[in-house]
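Some features that TrEMBL has for this protein:
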SIGNAL    1-22  signal peptide
DOMAIN    67-425  domain 'Peptidase A1'
ACT_SITE  85  active site
ACT_SITE  294  active site
């Protein structure tokens, strides 16, 4: 029986590889609607980072907005909604009905759902990049756990299933079928079926589906957006500026080699480049200090010396333009301590100096409303509280730069796995969605 299971696993792996080749070489791009899901209270996303104590911990990022995409899975098809996350590898779905879940995937109703034994090559070798090692459950099935910093966790078994995106039904895809445990993210659990892991790992959704390039575009005007799997070649899209992905051939204890890691080289506020040595942006000999582009994190977090220099310069250039919230103990989401008081009657924010993130070979300009975020429910008298959308990584206890999706609004973001690079160009993402035939 074990030999037969091994043959089945090898056959499925062969078909998957062949399908990946066919998809990447012949498949036209797939366009899906991307939605910004807002939450009344902050939810949490687990992240694996090197901490200030140089240990690798699963930390929580709190955020009020997630990016979601709707698709189908199984045979017959079941509707699912997944959080788009370029900071995770394994995709997973809730597979057990709970009182607060509006959407689950039912594996018992699918003819294409296939369990993965813990003795299979998939379980033994293809899971090596996952944050936590897999195990063997009492039924000898490949078992895994996702742990959160608040002591909650969700767990389940790895399995094969087919996913349908647009008009394409992909090959048998490894995913996690979550059937036990407890997650503190009850609001997010109620609105989504699971998570779509899109990093560079072999088990990521984009790699298993065979697409060597994907893009997304998030509007700042409404809850609309675009996810495009495949080649983006449109006359209305400006030429993209590319920055290479940082490749690390030697494994380092605190460097995530399957993350979308780029090299941040400096920051400019309006015309003033922050006076910082290049070395503060470079990962050290342990790998700590890398810069990751992450769609699963809402805001951008910078290492302490860089954040403090940016905060000082932004304060200087907005003096007399914005009123600072003088509450030393108020820190939004544990890492954002530069906040302002703004009258809610204002039709728009005042003119603010742009913050330019200077990557190797390319720059990303963050301006206007992408610089400030209105904190839900926070008021002082008649004024609303708005906070600077850059936070201090040190306050979270991590040693990484993280570029979140709020700064990526109205930017066409392309992830090119074939050429190991990320490209971006400013664009009205609501108009991009209309041009691609998505309803607003």
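Here the Cβ of each residue, glycine as well, is placed from N, Cα and C on the backbone.
The structure displayed is predicted, hence computed values, not measured ones.
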Worksheet item: If you measure residue 85 (active site) to residue 294 (active site) at Cα, how many Å is it?
Response: 7
Worksheet item: When the pLDDT values for the domain 'Peptidase A1' (67-425) are averaged, what is the result?
Response: 91
Worksheet item: So for residue 294 (active site), how many other CB atoms are inside 10 Å of its CB?
Response: 24
Discussion item. Among all protein chains shown, how many Cβ atoms are found within 10 Å of the Cβ of residue 85 (active site), not counting that one?
Written reply: 23
